[in-house]
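Structure record follows, encoded as structure tokens.
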Amino acid sequence: MRNLLTRLKRRWSDTDRARTDGGVDSTASFWERDVVRSAPFWLPPFLLIGLFVYGAVLWNIVLSLTSFTGLGSPDYGSLSLENYVIAFQGGVPSWSELTVSPIWNSAWNTVVLMVTFSVVCLALGLILAILVDQQIRFENTFRTIYLLPMSLSFVVTAKFWLYMYNPQTGLINIAVQSLGFQPVEIVQNPDLKLAAVAFALIWQFSGYAMIVYLAGLRAIPTGHFEAARVDGASTIRMYWRVIIPQLRTATVSALVVLTVFSLKAFDFLFSMYGGYQPGPSADILATRMVREAYANGNWAYGSTIAVILFVMALMIVTPYIYSQYKRGEL
Amino acid sequence: MTGNQPKISRRTALKTTGVAVATGLAGCTGNGSEGASNQLELLHAWSSGDGNAAIAALIEGFQEEHPDIEFAEEPVNGAARGNLDQVMQNRLQANDPPSTFQTWPGKTLGKFGGAYEDIEGDVWNDDLKENYLSGPQAQAQYDGSYVTVPLNIHRINNLFYNTAVLDEAGVDPESLSSPSDVVDACATIDENTDAVPFAHQTSGAWSTTQLWETILLAQAGIEGYEAFINGNGDSGQVQDALQSVVDLSEYYPSDSSSISLTEANTMVMEGDAAFIHQGDWAAGAYGGNDEFNYGEDWGHVTYPGSEGSYLLNMDSFPYLANNPSPEATKQFLSYCGTAEAQVLFNAEKGSIPPRSDADVSSLNQFQQDQFEDFNAADSQPPSVEHGLAVSPGVKTNISSAFSGFLESADPASTADDLIGSFN
């Protein structure tokens, strides 16, 4: 097969190149173009990604405009924004006999989780990075310890924190009791539920923020530290005025990854609450989406929620990509 | 680097890419299920434990009678039924149904509504109609046609207890006659022993939904229960049942939100808890413990107040339209409808056969007692939590209401949510 191709190519190019006027032959150059010669490498992944990622995203958007409920095939003939109206206002849609509640509650929880999780993660990661950067002993060991939770899957973290939050034997409540308080119900407490989820996720991902910041810190020339010292800046002032402003790129890239992670907290909630019913105070868009699609068979409505999630993720990622592009880093 | 090296590696890369693309494309186009009509494809979620032993016994029994029929048995991993439903959904969308699959009968069938075909006459003959009691028989139908064959029954309205703990507390389980008696008994146990009165898990909502439906049945009677599942529930009755759950929750383990059913049930086995309300799969766990015997170390009463009812949770195998193996599937479903098959299956599963004429002498004593209760029951209502009584959409609403109830413990607002689940 390969030989045949080579021979074919050679024959064409041979005849084409046989011009004597020394001019450039367009047909010959077609096969010689870089983009064509490299096609075997980029074309298959390009097509596969195009079909399975972007194609699927587009299909999902179209699906969200139908009223598909899992039986037969979707009717692409009559597209409408009904599902989006239902998502924002609630009501009885044409494809169901049951009232569908709007997504505000889960959307709000999603945003709260996203903001708390990413901000605290970044702050904690920065502090850890600065501490680890002080040329301490066993630096590698500390780094590994802080990063290790990130290697666990959400399922493990969820089960692990379920033990940690146990009112009788959990470490958190042992600490609370040792301070002289009564044990606290955490897992099913509407006031603490979402905070408990965020806390566990922060525990898991602040190590990641630390690594990103550590790389940022290492990239800052030692001279900057020394110059600040010579000018008589205190440690806090030095970090606040000189070092942290230079960590902008690290912050933005870590922030993007972290917020996207928080949109995917589905697995965590699924494992912690044994299903996609974490209760109203911890319900996020992802759990709502799976519930609509898989438990109720409301596929089109599930797709609608998926599109809303997708737009939220885009809103976070786009400014980042745009600023990278503006600064010529893309 | 010699001039040849990059060329060779490029060729290799090209070849590898080519193979990968070809494989990928083959994966897209391949249908994978060019099954002969004699090959039966059975999808189920019993990939481990007693369920796995039960399905193995059933298939072995069937193949002894029909050695010519091949089995492509496919346990869908992850144990949870949710995964199986997702696989089924995908298969049906691709218009590639298996021969049959494990599903709850009753209203759950609505999930794949038009995917079933009537098997009245072929499978549901007079023999089956005579020997299935009216409750289970009604659950085998979707829109008035017989489409599925129930093969086991787990009971939901049970109260299991640890004999030693109740003796120590001075509580006689047989004397309890209403859900509030259970609460009073829990108070006595709390006073007289160190044990947790009522083992229960609240990390997931399902155990509480089950408990509530049992208490509703016990307090509102079969009429009140049926009114609720038909969407005409009485708000007062619903709220009273929720209040009873709240009363009982005083006696849960203090870490109920962090434990699973297995841990709650183990508390009963180890004498750390007195009662547990659960489907009779809880007894399956006791059966695995030689030190913990029925009648001596643990006992069972029908949940006080719900005597006369056998609250059903069943598994069944439906007949799918566009069936890849019509004859073989019907033979298999007919086999599942026999008393012999049901005894083989339930001996391992710990549940009871739905056929009232089954010879249960080979089952254990607890199962025999349950079977006797079943045949003596005045009514066999379907379970809400286990998908028989309400459509999937309503069930999701009810589960959401209970996941909220676990947070708020508010009977009034939860009652509104539950009644509103049907609208």
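Here, residue 1 is simply the first one shown, and the rest follow in order.
The backbone N, Cα and C atoms fix where each Cβ goes, glycine too.
Unlike curated records, TrEMBL annotations are generated automatically.
Annotated in TrEMBL:
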type     : residues  : note
DOMAIN   : A:107-322 : domain 'ABC transmembrane type-1'
TRANSMEM : A:41-62   : transmembrane segment
TRANSMEM : A:111-132 : transmembrane segment
TRANSMEM : A:144-164 : transmembrane segment
TRANSMEM : A:194-217 : transmembrane segment
TRANSMEM : A:238-263 : transmembrane segment
TRANSMEM : A:299-322 : transmembrane segment
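Under 8 Å from some Cβ of the transmembrane segment (A:238-263) lie the Cβ atoms of residues 110, 113-114, 117-118, 121-122, 125-126, 130, 201, 205, 208-209, 212-213, 215-217, 220, 224-225, 227-229, 285-286, 309, 312-313, 316-317, 320, 323, all in the same chain and six or more residues away from its ends. When Cβ distances are compared across the two stretches, the transmembrane segment (A:194-217) makes contact with the transmembrane segment (A:111-132), since 3 or more pairs at least 6 residues apart fall below 8 angstroms.
Long-range Cβ contacts of the transmembrane segment (A:41-62) within its own chain (Cβ-Cβ under 8 Å, at least 6 residues beyond either end) map to 76, 79, 303, 306-307, 310. Sequence-distant contacts of the transmembrane segment (A:111-132) (same chain, at least 6 residues past either end, Cβ-Cβ under 8 Å): 139, 142-143, 146, 194-195, 197-198, 201-202, 205-214, 216-217, 239, 244, 247, 251, 254-255, 258-259, 261-263, 265, 284.
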